[in-house]
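Accompanying notes for the structure given below.
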Amino acid sequence: MAALGNPALWGVCGRGWSRAKLAGRLPGLRSSWPRGPVGVRPLSQEKPATETHFGFETVSEQEKGGKVYQVFESVAKKYDVMNDMMSLGIHRLWKDLLLWRMHPLPGTQLLDVAGGTGDIAFRFLKYVQAQYKGKQKKQLRAQQNLSWEEIAQKYQNDEDPLGGSRVMVCDINKEMLKVGKQKAQAQGYKTGLAWVLGDAEELPFDDAKFDVYSIAFGIRNVTHIDRALQEAHRVLKPGGRFLCLEFSQVNNPLISRLYDLYSFQVIPVLGEVIAGDWKSYQYLVESIRKFPPQEDFKEMIEDAGFQKVTYESLTSGIVAIHSGFKL
Ligand SMILES: COc1cc(O)cc(C/C=C(\C)CC/C=C(\C)CC/C=C(\C)CC/C=C(\C)CC/C=C(\C)CC/C=C(\C)CC/C=C(\C)CC/C=C(\C)CC/C=C(\C)CCC=C(C)C)c1O
Ligand SMILES: C[S@@+](CC[C@H](N)C(=O)[O-])C[C@H]1O[C@@H](n2cnc3c(N)ncnc32)[C@H](O)[C@@H]1O
């Protein structure tokens, strides 16, 4: 895909994406972006603000994006360490499992939305590289009578160890992307990876561009989940797959009690002690309770046009992986 292959196009790009659109979603830009007279509505005709939730708080839809932005701007630097501490590393297993379910083959073009600090993207690159190496080894083993020079040459000629696979990380938050890019550099991920600032509700990509769309712990934060799902459907190629890892509904009453206790009594305290940020971690646990349970979310995915929608509950339903296809 041209946009993925050409680093010059790896900025904010694509379909109708503009600073003006971003301005509506990012708090800093919203107030400063000038509006022409055409957009001005007389006070008496002000459209009533539609309400939504930000955790357990009721806010207007216009406010929510800015509040979510502030949460991730505030936690970005401590985000990774917080996740390991809060989950005792379990989030890594959930993310690994997402990759096993995705099972990307060499050549896969992945869009990881709300990709934050790159956890899914890095796993994807590791996975496709391992797949490609495995395939190459198999081929070499099948060619019994190659000399060692021929074998060495085959390894050296290997221009693209990803076999053409690419991942595009898209996130609305500059600070999260900044941490992700620093991690990529520190961990030596150079090729096959691009970072784009963009909104899940209005993706800056043309139609039918990607083989797989993933979103991990992201969709819960989006103001209009239905719009994000429609966008996922739009940017996938026919035959493409949607995969979502998200907190869900615990299905065991005893675990549910313990889980609530841990969530409300421990998580915000950890947030305060480690990240100096109680409120963001209170938002995390509250937003989990506001997210639809497995079956309801499955229906929402179907409503967006996906087919063969299934889900798998993990760790007693603390999280679930939903999958659907654009057919
Ligand atoms: C601002 O927004 C965000 C910020 C972020 O940093 C991250 C996210 C998005 C989230 C991720 C990327 C995933 C990683 C983050 C988490 C998993 C944190 C969220 C955690 C919960 C909602 C609670 C559930 C956590 C887990 C199941 C992970 C494992 C944790 C434990 C087993 C807890 C063990 C802890 C202790 C023993 C310490 C002592 C605790 C106490 C004294 C309090 C009482 C403890 C209990 C009653 C035991 C806790 C029991 C459970 C949690 C249920 C266990 C369930 C099973 C074993 C099946 C983001 O949006
Ligand atoms: C909990 S983090 C998940 C990061 C990463 N996917 C992971 O699993 O570690 C949620 C991410 O969603 C992003 N986000 C929130 N609303 C968004 C939106 N409307 N469009 C794109 N990204 C969004 C946040 O900026 C944040 O980076």
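Including glycine, each Cβ sits where the backbone N, Cα and C put it.
Taken from TrEMBL, the feature S-adenosyl-L-methionine binding site covers THR117, ASP171, ASP199, ALA200. Packing around ASP199 (S-adenosyl-L-methionine binding site) is summarised by its Cβ count: 24 other Cβ atoms lie within 10 angstroms of its Cβ, all protein chains included.
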Number of other Cβ atoms within 10 Å of the Cβ of THR117 (S-adenosyl-L-methionine binding site) across all protein chains: 26
Nonlocal residues around ALA200 (S-adenosyl-L-methionine binding site), in sequence order (Cβ under 8 Å, 6 or more apart): VAL113, ALA114, CYS170, ILE172, ILE215, GLY218, ILE219, VAL222, ALA228, GLU231, ALA232
Span of the S-adenosyl-L-methionine site, taken as the largest CA to CA distance across THR117, ASP171, ASP199, ALA200 (Å, rounded to a whole number): 16
Cβ packing number for ASP171 (S-adenosyl-L-methionine binding site), 10 Å threshold: 24
